[in-house]
Amino acid sequence: MADYLVIVESPAKAKTIGKYLGKKYTVKASMGHVRDLPKSQMGVDIEDEYSPRYITIRGKGPVLKELKSAAKKVKRVYLAADPDREGEAIAWHLAHSLDIDETSECRVVFNEITKQAIKDAFKSPRPINMDLVDAQQARRVLDRLVGYNISPLLWKKVKKGLSAGRVQSVAVKMIIDREKEIQAFEPEEYWSIQGTFALDGEPFEAKFYGTNGKKVELKSEDDVNNVLAKLKGDQFHVDSVQKKERKRNPVSPFTTSSLQQEAARKLNFRAKKTMMLAQQLYEGIDLGKEGTVGLITYMRTDSTRISDTAKAETKEYIESKFGKEYAQNGTKAVKKDKKSQDAHEAIRPTSVERDPKSLKEYLSRDQLRLYKLIWERLVASQMAPAIMDTMTVDLSNEGVLFRATGSKVKFPGFMKVYIEGNDEGKKEEDRLLPNLQEGQTVTKEEIEPSQHFTQPPPRYTEARLVKTMEELGIGRPSTYAPTLDTIQKRGYVALDERRFVPTELGEIVLELMTEFFPEILDVEFTAKMEDDLDSIEEGKQQWIKIIDDFYKGFEERLKVAEEEMKEVEIKDEPTGEMCEKCGHEMVYKMGRYGKFMACSNFPDCRNTKPIVKEIGVKCPKCEKGEIVERKSKKRRVFYGCNQYPECDFVSWDKPIARSCPKCSSYLVEKRTKKQVQVQCSSCDYKEEAN
């Protein structure tokens, strides 16, 4: 019979840890939180210093019964939930439910699930950290005070099922503010002049820079013509050649935020999916003869540091695989963000020796892709900087200056393993110039002016929104993914081509929130609240005072809102179409994900239809219907025939009104981030989109 009981959150984690601890230990899972505030009432006693009234979560009774029974049979119980606020709170609730003294050495924490980390953790158990618990409790109580008071108000004044929260409301505001910027944007005209030149028949490109040594902006076609009129002949003089060596340093290992951003950019993963896969890699994967192994460190962190052991192992790996010149020389200082809690390491593989190829047969495709990203990022972070040779050349003709820039990799360093992605999806390539020297003459081959217009700021992608939230101090590693998930589930925003757009419902709710609860939407207020929660965790402030300072002002605004907030009637709009089932008029209604079409004879007729957008292309299958843009249940855009179900044509890619010149099948637009290519739906024909 076992002497010790270890309680973790999940069966996967229990299985991995159980393998390392041996027969004297029984490892069981609590399946997450066992106690929480009740759903049916506020659960916070405002008169009794905001005391939370916790109850056993529905369905957790049998779990607690099993844990209590197991606890009675052992000498000692260890609580080994995750090493953060949420994990500390789970441990505290378990201690309360199992009558364990929270001041006893019952808490065990580890940053990775490996044999050595588990052994070390069990050598130094500690009491439950009540500062961590209080920080989690303060967040929970704050969110309950806001949500439980404002949500019913929104149900009453707008529609049922709505909710309001501190962080989610600010995220919605950011998306709506960006949409307003886009709508208010007035494009400005500007021009550029691209020149193709040649030295001894070797072509290269340069851009117009200015005149008489000064930079000049081209605002109109007249400006362009004035510049071109100055040029005489095809010969340009090489005025200057500047050659420099530039170092490019590797990026740090992943934090939660940077992992979500990079997985979105490189793998097209949503934040929620990234965290689900990371959790699986952290809790343990069955590696055959090796058994179940935790492959990465804890995935909720805002730290970029790694342990000395991990540094040494990674350096040794780099030297053996790439050579000593590729290993980082000296210790790179880790810049600590003032918002970083830094309680953990960065996200890294638990062993750099487990390269992605060695795990291919044990991981799913998406698990492997995410692991590869994490592994490459760690290795690259400990490698030498890349060294680039850069060259800047100025060419002139009658005082008209063109500038050419080139670069090539002299020493790849970390770039041999990993290059960070960017939101535009552009690939970095060498830009090579001929071996130009001052005083030489080059020949102009072509001059091509181009008209451009300034572009509005882009809508937020998940990656960009997470990055901006992090920069502003809104939310913490554990809250980014749930926040993005919630604002979509509530129907306040939707994703259009992987970018957030506000819904009419989101705009209505934000307008009410702005009028009656402006402080909840204030970025600085929300960021300060996060800092206050951090200070509670550090033992510098009492959680009750933080809550009280917030609630005094909030309570006053709540009273005003209850009296003055007017009901918002979201009226049905006529569509001009008749219901094909009963003959009544179809109307536009507001639903969870925005507008849809429904019969005005509801509830007698329950006919509903999505709002579809014709794209001006005949159906290539039945040749009778029109192709329309639709959205799947997961909000992904696809294209189908408007004669469905008679015609079942469907395509994820947008068909265009041309046939393939090679096989006569229909052509589609294939989108990859910002690149659009025309491809055949049947054969290998491709062409660049105009």
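Glycine too: its Cβ is placed from the backbone N, Cα and C atoms.
These numbers come from a predicted model, not from an experiment.
Cross-referencing 225-250, 329-354 with Swiss-Prot places the feature region 'Disordered' at 329-354. Residue density at Arg139 (site 'Interaction with DNA'): 23 other Cβ atoms are found within 10 A of its Cβ, drawing on all protein chains shown.
Each of the recorded sites Tyr148, Trp155 was scored by the number of other CB atoms within 10 A of its CB, and the lowest score belongs to Trp155. Counting only same-chain residues at least 6 apart in sequence, those with a Cβ under 8 Å from the Cβ of Arg140 (site 'Interaction with DNA') are Leu37, Pro52, Ala89. Counting neighbouring Cβ atoms within 10 Å of each of the recorded sites (Arg300, Arg490), the lowest count belongs to Arg490. Proximity of Asp143 (site 'Interaction with DNA') to non-local residues of its own chain (separation of 6 or more, Cβ distance below 8 Å) is seen for Gly165, Arg166, given in sequence order.
Of all the binding-site residues given, namely Glu9, Asp82, the one with the smallest number of surrounding CB atoms inside 10 A is Glu9. Note: the CA-CA distance between Arg490 (site 'Interaction with DNA') and Tyr148 (site 'Interaction with DNA') rounds to 15 Å. Classification of Arg139 (site 'Interaction with DNA') by DSSP places it within a helix.
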